């Protein structure tokens, strides 16, 4: 009966965090709107080989992540849940691997369940795992690869070892097809310290070639297909998306070496109090093969991405699978022997919740700020934000009431965040970051437009997805579409600021022309260097400007 109760609790936990509240959150631009529109266009066109965004070639990522996203929208429709269904599925599959791997290492069902709950409730896992980007997919393939390698190295027969390495190659191949060649580098770096300390080089060299073969065979069909359709894809993807993005002086998302320290700290909530003890206990028990493997899995990717010039929090998502297992193992030891770390964890969550409550008041309409985040008419959103932090502090306090038994309720600290964050976003944020909100407010004006132009790729993708049309024209700025716009068949999909007046005269009689611009909050629309418009509708950071036929 206890096992049944645990399973019911786990399913309720997943429903409250990963299923029920997802539709209440509008899509964020630029990331979610971009991937939503790429997958919508894939379904609409039936082209499952070459990715397109706004009808233009889009070579920033390979294809596999878009396949999964497209299946999500095909199954659940073009809605918020359908867009995020793929990443949620990948996150839950990763959690299932955490369960399986923990059971494999320690043969303890309670520990396996705890590791799963810790993983799913980690702030960084939840934030990224319910956000429609490709990182949950690559995290799943990396975690699957690490599990496959362990399975192969623990097998006692040549058939078992061969199967494990073949599976490793498939996971690496799918990782390459999801986000590129980092799916090869990260697993290799992660296992090398373990291979060295356990002196398992022989197995690696004897069977490793099977992983190489299965990886190549996994990528080859699509790799050849896109090379035939778009011969310059691999050159662009390898040089621009890998070398320039991570290594060169002009790398994207440049950040200092220590960048991931605060990411690890914030990402470990609501289990931050377990982080030092989990790592220390893991290091102290480094003579144990499994512990070394988990430590290497956690630390090596962190070091690799810290050295790289380009950094984003999402890059280290796969590290938190192994970290969750280390935390769960340490938590049970602490509960049994010395619950000090569990008490500290409770106080950290209380402090975080109280700090959030105070910060919410400071930026609320009743706080001391001259320009509050929320306006007076958004009072219910302020109370939603207060509820988020109040629940966080409450469950932090509850874990202290009988710490040896109640410490695991820290998993419920983010419950308010999961259920209420979609209702607490300020209008001033929604107007700039949620194109769906803008479309809803201006639907009647946008729908009959013959041409729609915008100066933001994220807004363009949001407009395209919401209006179910991929002919949005870029105005003044090309952004990440620069490469696709260079193709001859993309002529007419970009209008510069200097050309706009002439372009308007040439196309005005064809129908309503709508210009959607991103502006500063205090920017005077009348100062924009554009021809006089027939209608203007400003929604804070986004403004709709229309020209009708004359």
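Placement of Cβ uses the backbone N, Cα and C atoms for every residue, glycine included.
Looking at 81-101, 228-248, 438-458, the range annotated in Swiss-Prot as transmembrane segment turns out to be 81-101. Residues 315-335 are the range that Swiss-Prot records as transmembrane segment, among 42-62, 315-335. Distant neighbours of the transmembrane segment (406-426): 13, 16-17, 20-21, 24-26, 114, 117-118, 120-121, 123, 126, 269-271, 331, 335, 339, 342, 345-346, 349, 353, 373-375, 378, 380-382, 384-385, 387-392, 395-396, 398-400, 434; these residues of the same chain sit at least 6 beyond its ends, with a Cβ under 8 Å from one of its Cβ atoms.
Here the transmembrane segment (137-154) has long-range neighbours at 64-65, 68, 86-87, 90-91, 93-94, 97-98, 100-101, 104, 160-165, 167-168, 171-172, 174-175, 178-179, 182-183, 186-187, 190-191, 200, 203, 207, 293, 297, 317-318, 321-322, meaning same-chain residues at least 6 beyond its ends whose C-beta is under 8 angstroms from one of its own.
Sequence-distant contacts of the transmembrane segment (315-335), counting only residues of its own chain at least 6 positions beyond either end whose CB sits under 8 Å from a CB of the stretch, comprise 94, 97-98, 101-102, 105-106, 110-111, 114-116, 118-119, 122, 124-125, 128, 135-136, 138-139, 142-143, 146, 186, 260, 263-264, 267-268, 271, 274-275, 277-279, 281-282, 291, 294-295, 297-299, 301-302, 305, 341-342, 403-404, 407-408. Pairs of Cβ atoms less than 8 Å apart link the transmembrane segment (288-308) most often to 255-275, out of 81-101, 255-275, 346-366, 382-402. Non-local neighbours of the transmembrane segment (382-402) in the same chain are 270, 342-343, 345-357, 360-361, 364-365, 374, 408-410, 412-417, 420-421, 423-424; each lies 6+ residues outside the stretch with a CB under 8 Å from one of its CB atoms.
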